[in-house]
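Student: Handing you a structure now.
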Amino acid sequence: MYYLPDGVQDFMPDEYRLKHHIEEKLRDTFIKCGYKEVMPPTFEFYENFTGSTKLFDENNLYRFFDKKGNILTLRPDVTTQIARIAATKCGGVSPLKFCYVANAYRYEDPQVGKMREFTQAGIELIGVNREISDAECISVAVESLKKIGLKDFKVDIGQAEFFEAVLEGLNLDGLKSHRLKELLEQKNQSGIEEFLCVNHITGANYKLISELPLLFGSYDVIEKAKEIYKTEKTLKALKYLENVYEILKDYGMDDYIMFDLGMVQRINYYTGLIFRCFVKGIGYAICAGGRYDNLLKNFGKDMPATGFAISVERVMLALQKQGVRFDNEPCRISIVYSKGSREKAYKYALSLRDEGNIVELSEKNNETFSREKYDKIIEIGD
């Protein structure tokens, strides 16, 4: 049994160097935007991730028992943990700005870009329920992806309140509602039409639902939606998106923005604006986030919040596909010394390391020494 379980991986030196570089760039960007890093535990009580609102599909959680019989689970995401921290350890102070880089775990079907152990890097902005905070999250996401050298990416913005308002009049039970959301997420037009026919959804409601997957594109999508969806709730949700877009235009980020009014988030805590980042030629989101104003209520505080998480492994795949290279690797030096020069060689190695170089020591006549590994060879002694 020398193989790994499905959904996990080893990172070899070059891979891990890239991963570490991405994590450090993201961390640096978050901190420079005013976010303070926290690190929650890898596992918590099971009910912290389930609760009465069923935040996560229980079948996707890694569960185990401690010696006292408590059910514990490996964290499926970090946002829920930061909501707990904000609600229980910060005394109601707001706004709170936290960031993190941490592994999370979900028992899902592993595939390219989707693992059971994965690294998330993200921010959470807690205590502000205004368009400016959602715009800030999107702008930090864009700046972060730019800083790590990613190109040809877009931010698709949706609205959970708009989506729920459209579905409100259908009176679907939980299973049917879940199935319809799956079809809409897949933009499966024929499947949606079949679902509507089987469930006898006709007339105006048929049009309202069947149009959703088509409401994808530039700002014109908002104008088109206002002509179709005219309830107070849908118009209010669309106005919110317009206001966020105006802020992003002022930030010079409108070229990155697309709208997807049929967007569905699989995690159940989102309440307002939601967004995902996609890279050209990559079929899955590298970043996802949005507003989750009710999540902190699970931990005894009623505070609005918004945030996002970037998938580090997916960003790695995207950078590799785009051929992005990092040329800032330190110079790799070998100091080859004779037996009588060991002390001098060691002290010289320390000084070179202090300058940021990678330095290895090798005694002369070392049969395992390979010159090809190094950018520079320094010989000391006879």
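Each Cβ is built from the backbone N, Cα and C atoms, and glycine gets one as well.
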Student: D77, V78, T79, Q120, E124, Y269, Y270 show up in TrEMBL as binding L-histidine; which entry in R27, R106, R325 does that record put in the same site?
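Tutor: The record-listed residue among the candidates is R106.
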Student: Roughly how wide, in whole Å, is the group D77, V78, T79, R106, Q120, E124, Y269, Y270 that binds L-histidine, by largest Cα to Cα distance?
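Tutor: So the maximum pairwise Cα distance among the L-histidine binders is 21 Å.
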Student: Output the one of D77, E124 that, of all these binding-site residues, has the highest number of other Cβ atoms within 10 Å of its Cβ.
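Tutor: Most Cβ neighbours within 10 Å: E124.
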Student: If you count the other Cβ atoms within 10 Å of each Cβ, which of the binding-site residues Y269, Y270 comes out on top?
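Tutor: It comes out as Y270.
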Student: Using Cβ atoms only, which residues of the same chain lie under 8 Å from Q120 (L-histidine binding site) while being at least 6 residues apart in sequence?
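Tutor: Sequence-distant Cβ neighbours: D77, V78, Y100, V101, A102, N103, A104, A309, I310, S311, V312.
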Student: If you count Cβ atoms within 10 Å of the Cβ of V78 (L-histidine binding site), leaving out that atom itself, what do you get?
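Tutor: Its Cβ has 24 other Cβ atoms within 10 Å.
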Student: Mean pLDDT across the domain 'Aminoacyl-transfer RNA synthetases class-II family profile' (1-330), rounded to an integer, is what?
Tutor: 91
